[in-house]
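These notes are about the structure you will find just below.
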Amino acid sequence: MESGAVLLESKSSPFNLLHEMHELRLLGHLCDVTVSVEYQGVRKDFMAHKAVLAATSKFFKEVFLNEKSVDGTRTNVYLNEVQVADFASFLEFVYTAKVQVEEDRVQRMLEVAEKLKCLDLSETCFQLKKQMLESVLLELQNFSESQEVEVSSGSQVSAAPAPRASVATDGPHPSGLTDSLDYPGERASNGMSSDLPPKKSKDKLDKKKEVVKPPYPKIRRASGRLAGRKVFVEIPKKKYTRRLREQQKTAEGDVGDYRCPQDQSPDRVGTEMEQVSKNEGCQAGAELEELSKKAGPEEEEEEEEEDEEGEKKKSNFKCSICEKAFLYEKSFLKHSKHRHGVATEVVYRCDTCGQTFANRCNLKSHQRHVHSSERHFPCELCGKKFKRKKDVKRHVLQVHEGGGERHRCGQCGKGLSSKTALRLHERTHTGDRPYGCTECGARFSQPSALKTHMRIHTGEKPFVCDECGARFTQNHMLIYHKRCHTGERPFMCETCGKSFASKEYLKHHNRIHTGSKPFKCEVCFRTFAQRNSLYQHIKVHTGERPYCCDQCGKQFTQLNALQRHRRIHTGERPFMCNACGRTFTDKSTLRRHTSIHDKNTPWKSFLVIVDGSPKNDDGHKTEQPDEEYVSSKLSDKLLSFAENGHFHNLAAVQDTVPTMQENSSADTACKADDSVVSQDTLLATTISELSELTPQTDSMPTQLHSLSNME
């Protein structure tokens with residue numbers, strides 16, 4: 001005998017299943033997907049289960065089914081258009097079938113449900129919004145009904161209940177909202193006794209004109225607008241009560257023109273009452289008047305202040321034909337076009353750059369973001385500030401999240417973060433430079449480069465150093481300059497370990513090790529490692545010598561050469577050898593001189609800067625040797641030369657005396673025994689050197705005198 005099949009069904013199993021899955025998610029157990037939600041710089045990661053998300057959201061189902069799964073790896077999903085709090089509520093609803101949110105977030109949750117294609121959450125939000133809207137409409141009904149009851153009780157009109165068919169002229173009513181409502185005003189108008197005297201009927205009709213119409217038409221229109229899911233219904237604010245009250249008085253004045261003749265039938269009176277009831281201004285005014293009665297004295301004072309401010313604002317837009325004032329420009333333009341047939345053409349132009357826009361909103365946005373340097377939106381990860389929120393979003397996506405989708409260059413394959421960056425990069429291949437300077441004709445591929453270039457002509461230097469007040473045209477130049485004060489050298493050469501203040505200096509230095517000389521002279525085909533060296537070399541071919549000495553008129557191609565030359569006239573010798581005490585006008589001469597003492601020791605170990613003890617190249621102050629020791633040492637050497645008559649053993653004299661002053665050395669002179677120099681020239685050179693050393697010793701006059709006697 002076969003046994004019948006039975007159904008085993010648990011009503012608590014679905015609830016228990018959701019509860020257990022929720023507990024597993026909170027503990028992070030068995031989670032196989034991480035959802036990263038980022039909105040306006042705020043980011044948070046949520047761990048969840050693929051099966052739960054795919055079962056409740058078609059969006060996640062499509063993502064998980066289309067991905068290429070790899071065993072043992074967790075899937076990462078990025079959402080950029082959902083707020084963190086909203087997605088957290090979405091997850092709670094998915095795992096518990098319920099979530100508690102604020103009333104103003106219901107619309108946002110509905111949008112999240114539509115984006116993620118979660119039908120259960122979408123239906124729940126829609127039903128809740130429907131209930132909220134019905135409650136608002138019910139409150140409006142109660143206001144109207146209570147007012148009509150008060151008015152009808154004061155009119156003292158005997159009326160019988162009217163059948164429902166008498167109000168069928170207004171059309172069908174929304175189901176569930178007004179079917180069960182019965183308005184006293186309607187019964188009074190349609191159920192009026194026919195045996196009343198004509199005069200009494202007219203008096204009662206005048207009283208009935210003050211009664212507002214039943215809110216059937218307004219509720220019908222409201223319900224039609226509420227058919228969409230993204231419609232908000234709000235009770236009118238109390239600050240507009242006075243303005244609409246004036247509209248009500250105007251509407252009542254129009255209604256007062258309707259007078260019922262004495263011989264008019266009651267049916268005719270009822271028809272006219274229906275026409276009176278169609279005046280929407282009366283109903284709106286009555287409802288708002290009821291609301292205004294509940295407002296306190298403080299709110300009335302605020303109303304008056306706001307109305308006064310509104311009257312002041314109205315003067316901004318005034319029609320020149322009918323002298324009517326408007327609060328908004330859009331209303332003024334619409335009035336001029338439809339009432340007077342004047343199509344006013346308004347041009348929204350930026351006063352700074354002259355660019356035109358379609359509307360005032362776009363113009364204000366342009367002025368706020370383009371011509372303003374204020375940056376109110378910081379990145380929470382690195383602190384960098386931006387002018388707009390969407391700039392923060394793009395920055396986080398490109399910099400902190402790996403750049404997202406990369407736009408590849410078709411020629412070199414370089415990946416760019418955006419289409420704009422790709423378009424600017426492609427100009428490096430095409431050579432396109434659409435932005436030209438109106439002053440000198442120089443052209444640039446980017447508008448920012450042109451803006452920076454124009455500062456050369458205008459003299460603008462907006463970036464100022466806080467330490468010394470130096471000004472620069474670009475921000476990165478100021479950053480490099482500040483490292484002179486701090487001593488920071490963050491860029492180190494991996495080959496020799498030398499550090500530099502900027503990446504550009506390190507780039508030039510690396511060419512020493514690589515031997516790269518990318519800059520080539522088109523005249524003699526000589527190559528250089530730095531562009532500036534090429535510019536200086538070109539002056540050899542052109543004959544240009546822009547730097548001129550103001551004392552002797554000699555010209556130079558480089559500024560540092562002129563500075564070294566000026567020391568000949570001033571007698572300045574700031575660089576001294578600490579081994580022999582000899583001074584020099586430039587470091588290069590000292591470097592060659594130090595090879596006499598020790599070729600294996602670095603030449604900087606001999607360097608002593610005697611003029612004001614500035615910092616040397618290593619950033620440390622160098623101690624000066626004792627002045628008396630240096631003076632006595634030099635004096636002894638010079639006297640020994642004078643007494644022994646070894647002037648003929650000095651180094652060969654060059655073409656000019658100043659050159660000999662820099663290069664002559666007593667130690668090297670002893671090796672040049674074969675050099676034959678005239679006695680007069682050598683004596684003049686020695687006297688010149690001694691005259692320059694006079695400030696360093698008090699015994700120089702005696703030495704000069706002895707030398708003169710020897711001559």
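Backbone N, Cα and C atoms are what each Cβ position is placed from, and that goes for glycine too.
Residues 435-457 are the range that Swiss-Prot records as zinc finger, among 67-89, 113-135, 435-457, 665-687. Look at the zinc finger (547-569): DSSP puts its residues at 11 helix, 4 strand, 8 coil.
Sequence-distant contacts of the zinc finger (435-457) (same chain, six or more residues past either end, CB-CB distance under 8 Å): 424, 427-428, 473-474. Counting only same-chain residues 6+ beyond the ends of the zinc finger (463-485), those with a CB under 8 A from a CB of the stretch are 452, 455-456, 501-502. Mean pLDDT for the domain 'BTB' (31-103) in this predicted model: 84.
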